Structures are given as structure tokens and as C-alpha cells.
Amino acid sequence: MTVTQQMHHPDLNLLMDILPEESEVSDTGELSIGGVPVGELARQYGTPAYIMDETGLRRQIRRFVQGMKSRRPNSEVLFASKSLPCVAMYAIAQAEGLSVDVAGGGELMMALTAGVNPGNIYLHGNAKSDAEIQMALAAGIRAIIVDNFNDLDRLEAMATKKQHVLLRMIPGITPATHASQVTGGNDSKFGLPPADITRAIERIARHPLLYFEGIHVHIGSQVLETEPFAQAVKSVAEFGSFDTYDVGGGLGVKYTYDEIAPSVEDYLDTLTEAAARLLPAEARLIIEPGRSLVARAGITLYSVNTVKTTGKTFVAVNGGMADNIDIALTGQRYEAVMASKIGAEPTVVADVVGRQCESGDLMCADVPLADPQVGDLVAMPATGAYAYTLANNYNGACKPPVIFCANGSSTLAVARETYEDLLRTQQPALQRRW
Ligand SMILES: Cc1ncc(COP(=O)(O)O)c(C=O)c1O
């Protein structure tokens, strides 16, 4: 393909479909999120920065919460908080009527700090420690999802008052998604094989303080069809009659102009129709969306640090795989736009790359860009899920801040890490030995 063939900028409607719902583009082509222009956000908080559209996020939460309640009154939507674990987000989840699932002690601590009612918290994990089980028991959380017999050993030994548990079963379903995002295949490290479930249920039933509520499955993430979710319902239904069936999360989202994702409504229709057909009428149905709740509400805002042409043209931004490792980890593709020049005629087709020392730190290939200059702002849409939470310190990067925007004002939810933060855990004593 020649440069001129590639050099078209996407239709504004295509872009608006992957930007947060409360996005606007000014007459001069400047993007704003929740009514706050990106230039203002960059001046106030610096870049890179994770910017969240709080209004769009709350609207999406309501689509799930109200959508589930209207289709199946005896149901519960848990925010899979691994997708965006920060105190501000836990507080929003609680205020909007979501329960939360936590994947370990750290997330549990943040949820409790945010004021989430312990009665709305569920604990997951395939390698829970004694300390984490103890924390969960002491907090009096709603349920612990038992993943294996060692979890059961610990619970049997440590429970001092009544504790509800669910059992995670391997459903043997492998939806079409990236291999690292399939969790429900027969050789999964998560959960117990179906053949072990009856034995686990019997053990729980024998314990005076443990109460067996039902079965949990999670088939994978970024699943772009609805049918596997009906299969997930079938896999738990086949196991018998319980109080609760938790079919996990996994609904995929639209990251790129050409990607097609099911709507929340289609997903809920498929799930609840399968549940109406296959589950006991009075049973509670739980889902655990993460990505599909928060991904679209977020963008990452970068500044251009370098523009250069070698065999191809590169626009290098001041972030990369340290703040969005999903691209390298799962092969997820994203789009990138010049955030203050939207709609301007492209002058170059370039690879937008990060600043980390890996050739795999390619953020977006062959992007038509309007005259990219050092200091220009670049926005990467649909980064509200699994970007902040997977951020790391590779090459000494400081994790970017998280900022929530609504109705023209912005609030800092997580501060930018500093070099002092990086040094805080380093031990100078060791340096002296060398
Ligand atoms: C047990 C469990 N529930 C829910 C989720 C959320 O998945 P997603 O963000 O794809 O909705 C995950 C993610 O891996 C998970 O492991």
C-alpha cells in the first residue's frame, strides 16, 4: 500500500464510537472529555495520563445494573475490579449499585477503603494466601469463591463464623479470543474440573460454618460473540440446582474502527434467556463484567517526544508498554489520534510507538497523522480497562495519574507516581556493599 492510499483520516463518527461517550471535538479540532479540553488536562496534570469520562462510565454501569434487574430481578452485577482498581472507582461502583469482585488482598483493601459494603464483596484467586483468606473472613465479605482444595483446607481451618462460598468450576469452553485471555478451557489454571465439584460440595456441606451457595465459571475476556455466554449458563445449569449461578465476565468491547462488539443489551438478552430456560426460576444469577464497564470511558493522553523517519516514520510518545502492556501481552490493537488536531488532513502515515526499550512497544501501526510535532497531544481511545491496573515501572517509568472528568471539571483520582515513589522501596544499604 502506498502512503497516499493509506492517507485518509477516519470518519469522525467512527472515532466517536470508540471515544468516551462524553467526548466533544471543538471547531479547532481539540478533543474534550467530560467537557474538559485535553490541552487543559495536559497543562494541569501532565502526560501521560489516564482520563476517565465519569458521566459515560456511570451511564454504562446503569445499562448493566438496570438491564440485569429488568430481565432477571434476582440477579447481581459485580464490577470485576481488576480492570480498574482505584479507590475512586470502587466508590462509584458502590454508589451506582454494583457489587465488586476482588482478586486479592490489595483490591480488597482498596474496596474497603472506598467504603464498599463488605456484604457486596466477593473474593477470587487461584492462589489465595492464609492472610488473604483471614482478611476476607475478618471483613465479613459476601462470599469467597473457592478455586481449589487448598482454599477449602484454609477455610475449614480458619472460619469462626458463617461464611458463604461459591465454587469455581472449569467450564471447558474456549471462546475465540487471545490465548492469554481464555480462562475456561479444560487445562485452565483457574477453578476445579467438573469431576471434582461434587467432592468439594460435600466437603463444604460437612463444615458447620461454611455455606455452599453455588457454582462460578468465567470463560475468558474480550469475547466478541454472545453465544459462549449462553454456553457458560448451560455449563453451570448441568451441575444441579443451587441458590446462585455466577457466570463471570468477559464481554468484549470495540477498540478499533473495524472491530464489532455485541451491545450490552444483546449480551444480557442472550444470558438471561439462557438462564430462564436452564436455571431454576428462583436462583440468583451473577455476572462479573470488568472491561465492558470501564474500557470505553477511558483514554490515555500522551505527548509526542520524537518524530523521525528511518525505514519508516515513527511518532514516539512519552509513554508505552509501561502504561499499556495489553498490546504486547494480548495482541490487543488500539487506535491513536492527534488529540488537538482531529479532522485535520493527514500529512504522514506513521507508527505510533512508545518510549520503552522493546521493539514490541508498538502502540499503533500505520496511522495517518496530521503534521505530528514534538509536544503535540496524542489520545489513545478505549484504555479505561486493564491499562492503569497493568501499569509497571519498566525503564523506570512512573505510573501515570488517573483523572475523572464530568460536567467540565476534572478530579485527580490517583496521583502520578514520582521518582521518590520509585526510590521508596530501594535499600541504600545494599549499594554500600558494592
Ligand atoms: C473471575 C473473573 N471474573 C471477571 C473477570 C472480568 O473479565 P472482563 O474484564 O473481560 O469482563 C475476570 C477477568 O479476567 C475474571 O478472572
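The backbone N, Cα and C atoms fix where each Cβ goes, and this holds for glycine too.
All annotation found in TrEMBL is predicted automatically rather than curated by experts.
Features reported for this protein in TrEMBL:
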type    : residues                           : note
DOMAIN  : 59-295                             : domain 'Orn/DAP/Arg decarboxylase 2 N-terminal'
MOD_RES : K82                                : N6-(pyridoxal phosphate)lysine
BINDING : G250, E288, P289, G290, R291, Y386 : pyridoxal 5'-phosphate binding site
BINDING : R291, E358, Y386                   : substrate binding site
Spatial separation of K82 (N6-(pyridoxal phosphate)lysine) from R291 (pyridoxal 5'-phosphate binding site) - C-alpha basis, Å: 9
K82 (N6-(pyridoxal phosphate)lysine) and G250 (pyridoxal 5'-phosphate binding site), distance between Cα atoms, whole Å: 12
For pyridoxal 5'-phosphate: widest Cα to Cα gap among G250, E288, P289, G290, R291, Y386 in Å: 15
Entries of G250, E288, P289, R291, E358 (binding-site residues) sitting next to ligand 1, with Cβ under 6 Å as the cut-off: G250, E288, P289, R291
E288, G290, E358, Y386 filtered to the binding-site residues whose C-alpha is within 10 Å of K82 (N6-(pyridoxal phosphate)lysine): G290, Y386
Same-chain residues at least 6 apart in sequence whose Cβ lies under 8 Å from G290 (pyridoxal 5'-phosphate binding site): F79, A80, S81, K82, S83, L84, S221, G249, A385, Y386
Max CA-CA distance, Å, over listed substrate-binding residues R291, E358, Y386: 26
Lowest local Cβ density among E288, E358, which the record lists as binding-site residues, within 10 Å: E358
Euclidean distance between Cα atoms of P289 (pyridoxal 5'-phosphate binding site) and E358 (substrate binding site), Å: 32
Fewest Cβ neighbours within 10 Å, where candidates are the recorded positions K82, R291: K82
C-beta crowding around G250 (pyridoxal 5'-phosphate binding site), within 10 angstroms: 28
Helix, strand or coil at K82 (N6-(pyridoxal phosphate)lysine) [DSSP, three-state]: helix
